[in-house]
């Protein structure tokens, strides 16, 4: 696997978070638990929204799509890491690495765009409450999700196109637990200046514009809340977007924190540990943020639980 055409590279080595053999079982248990909690929590959100007619509103429609994106992000990275920990292997095929990088880019961009769409949804709900259902009609909601997904696919394809036309060196060790784009660029032995410019441009467009949209929406939301005459009205208006604002701060805060830590720290392994926050922790916490602060979600989950318990023969027998 010497320097040459990229097709000569058949696999990469994911070094993971630690080389200590004694930590491998602990890491496996921790990340397996976090992955199961992430999948279960987000599936419960999707189940609650789809099964409860009271939650068939634009806000919860976008929330269910966000939960689906969270599951997809975790599924793109964690299962391969768990397999490598269990088999004591670090290898990932070239095609698998490229697919993982592409899918992570897709679902990461999709989550960013969905958060932007949800910010616009909250803006309409607070600034134009009487016309909310007219503006945020089912056609527009479906169109916004479709456009978000299409833009995410375009972004991921551009990243994949960039990486499929580079030449990798003999060193194919990635100091990360998944195929991160920035780490892959470090393994390229050809000139990457044009690729870096293109990738930064893509990141600015597909990352900067959604963040700008969120900031624009919340500037108008805050302006509308300040115009409310009563403190109770202001609190009620703010509470409608508190969960979304918490998720936005968690998503962008961890992402920016990882970027800053990677630029300050000279250790790629420390950057990999920091990236656990937005690849694993954030998708796991999102369902808790929305369910713990949302009475409608909690009520729907309680109704689902009660319906399930009553449908169980043994429990329904004792209940009668």
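Cβ from N, Cα, C; glycine included.
From a predicted model like this one, the values you see are computed outputs, not experimental measurements.
Between the stretches 4-25, 26-47, TrEMBL puts its transmembrane segment entry on 26-47. Range annotated as transmembrane segment by TrEMBL, chosen from 272-292, 293-313: 272-292. A contact between the transmembrane segment (59-78) and the transmembrane segment (197-216) is absent, since fewer than 3 of their C-beta pairs, 6 or more residues apart, lie under 8 Å. Remark: the transmembrane segment (26-47) makes no contact with the transmembrane segment (197-216), by the rule of 3 or more CB pairs under 8 A. Residues 16-17, 31, 34-35, 37-38, 41-42, 44-45, 63, 66-67, 70-71, 73-74, 77-78, 104, 175-178, 180, 243, 246-247, 250-251, 254-255, 257-258, 261-262, 298, 301 of the same chain, all 6+ positions outside the transmembrane segment (272-292), place their C-beta atoms under 8 angstroms from a C-beta of that stretch.
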